[in-house]
Amino acid sequence: MPSKSACLRHTEAPGQLEGRMLQGQPPNTEKKLIPTPGFLPASDSQGSETNPMPPFSIPAKTSNQNPQTKANLITPQPPIRPKLERTLSLDDKGWRRRRFRGSQEDLTVQNGASPCRGSLQDSVAQSPAYSRPLPCLSTSLQEIPKSRRATGSEGGSPSLWSDCLSGMISTSLDLLHRDAASGGPPSRLASLHASHTPPAMDLSIASSSLRTANKVDPEHTDYKLRMQTRLVRAHSNLGPSRPRSPLAGDDHSIHSARSFSLLAPIRTKDIRSRSYLEGSLLASGALLGAEELARYFPDRNMALFVATWNMQGQKELPASLDEFLLPTEADYTQDLYVIGIQEGCSDRREWETRLQETLGPQYVLLSSAAHGVLYMSLFIRRDLIWFCSEVEYSTVTTRIVSQIKTKGALGVSFTFFGTSFLFITSHFTSGDGKVAERLLDYSRTIQALALPRNVPDTNPYRSSAGDVTTRFDEVFWFGDFNFRLSGGRVAVEAFLKQKPEVDVLALLQHDQLTREMKKGSIFRGFEEAEIHFLPSYKFDIGKDTYDSTSKQRTPSYTDRVLYKSRHKGDICPMKYSSCPGIKTSDHRPVYGLFQVKVRPGRDNIPLAAGKFDRELYLIGIKRRISKEIQRQEALKSQSSSAVCTVS
């Protein structure tokens with residue numbers, strides 16, 4: 001009677017062969033198997049003697065039946081897991097979490113829950129072990145054809161079956177068999193270690209988006225909930241006192257909290273106890289109080305830009321105003337821009353549009369005023385318009401006979417927080433020898449300007465009815481004062497031709513305005529920053545040469561910016577210069593950069609309530625965008641038309 005192993009070797013059906021593969025048993029064949037790449041080839045000999053395999057784990061029932069019948073009765077059933085009824089991928093979620101029922105509890109006890117554990121560690125097969133990898137195992141997981149799975153189907157040689165079964169079982173199963181055969185604890189993935197020590201970081205880069213969303217991570221489910229709870233605690237203002245920071249209680253760096261709200265929390269009792277009509281300098285929650293001022297200006301200093309330019313009535317405006325409004329010497333833009341124009345262009349609206357276009361959407365036109373050909377425009381950062389009072393203006397005409405208001409003064413005033421400002425732009429009488437007329441223009445201006453009107457004086461005890469400059473905390477007076485350099489053109493040109501640098505201090509000794517200010521006959525209490533630029537008048541249009549006409553006017557510092565303060569040291573000049581690149585007029589624009597001390601105020605003043613020129617704002621933005629599109633199209637056409645030549 002033939003042995004059981006012999007019967008099985010000659011009578012195994014395809015379905016039985018598949019069952020052996022699913023239980024981890026190799027197919028027993030008498031023919032040579034084609035080796036799979038990456039595995040050890042089988043021996044050239046036939047039979048189980050030359051290719052030893054571990055004994056089968058199929059229990060044999062003792063019976064007197066025919067061996068062929070016994071072989072047919074021994075039909076191993078595939079395990080419930082893994083199911084190879086469909087094509088699986090190593091990246092499939094179910095494949096990463098697969099576990100055998102018999103080893104699931106043991107793995108949990110031995111290894112514990114680790115969010116860094118891989119799928120190969122979590123899957124351990126309870127199957128017989130083999131001393132070396134099987135030649136029929138492949139790296140692919142293919143679906144077993146149903147026609148081949150039917151029990152009792154026949155046909156095909158063992159060699160053909162080995163070729164067909166190649167690629168049915170993945171490398172993962174092979175690894176699991178090896179782990180089970182070792183008898184020890186399941187293998188673990190090696191810990192990840194940096195190849196080198198990373199550099200020290202001074203910023204927190206904690207981010208929920210960088211956290212691995214591993215399904216085996218027990219903390220993943222409630223991670224978002226914990227983060228939301230932390231933010232609620234950080235931004236909660238229901239406590240008995242105001243937190244020190246909107247980010248109080250949060251362990252994130254301020255630099256990494258860009259998605260958090262940086263608005264200061266407002267206590268409910270501050271809103272209920274506060275009265276709009278009766279403000280206080282130190283009232284908590286006051287709109288113009290110290291607390292609000294500290295939010296925007298911690299050092300209580302605001303940046304101010306003041307400029308003057310005699311445009312000579314030219315209709316043509318410069319192609320760019322960047323050098324005028326955005327000088328390269330300033331790293332940052334200013335909080336307030338005040339521009340005074342004398343002999344302005346006929347289209348005042350176009351001029352203001354150009355200013356809005358240059359400054360961009362971060363600034364709005366707070367107010368603008370005109371007196372004949374005298375223009376003044378005030379642009380402020382859009383987030384500061386809520387702290388301005390109503391803007392008032394007044395005018396003075398010094399040339400009464402003329403119907404055209406070319407000479408005179410224009411004053412604009414308002415209060416910012418608790419500091420009152422007065423800006424005056426003037427065009428005094430021209431002529432080398434008309435110093436007395438210019439002194440008269442000054443006296444008439446300080447007496448005739450009727451400011452302020454509705455906004456109360458911040459310090460009425462230090463005000464004078466005969467001098468408008470005494471009624472405000474900070475005063476800036478700028479314009480074309482027409483004071484000349486005495487001594488004649490020849491003497492002035494001799495100074496200008498000095499090399500390598502012009503001795504400006506020696507040149508200013510001949511300045512009429514400097515001489516009159518030292519006498520105290522004009523601009524009493526005013527100061528001027530040191531001058532380090534060349535005379536701003538009179539140039540040939542479009543050129544850097546001074547007047548070459550028959551009149552041969554003497555180069556002079558006619559365009560000036562002066563300042564005055566009630567409190568000494570409140571105004572600090574940062575830069576005082578001219579714009580030699582703007583050559584559309586016979587005058588060069590002159591500007592000054594200042595830091596001005598700002599004090600808290602009361603809420604009982606008439607506020608502008610965010611009023612600004614909305615129409616001009618929209619026009620400036622549209623023009624800015626259209627020019628940017630044109631510039632980009634020009635760059636594209638230029639790059640596409642470039643020709644590369646090889647010589």
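Heads up, the Cβ atoms here are built off N, Cα and C, so glycines get one too.
Per Swiss-Prot, the annotated phosphoserine among residues Ser103, Ser182, Ser556, Ser585 corresponds to Ser103.
Of Thr75, Thr197, the one with phosphothreonine in Swiss-Prot is Thr197, while the others lack that note in the record, though it may still apply to them.
In Swiss-Prot, the annotation phosphoserine falls on Ser259, out of Ser259, Ser413, Ser420. Matching 177-196, 457-476 against Swiss-Prot, the residues noted as region 'Disordered' span 177-196. Residue density at Thr197 (phosphothreonine): 6 other Cβ atoms are found within 10 A of its Cβ, drawing on all protein chains shown. Within the model, the repeat '2' (76-79) carries an average pLDDT of 68.
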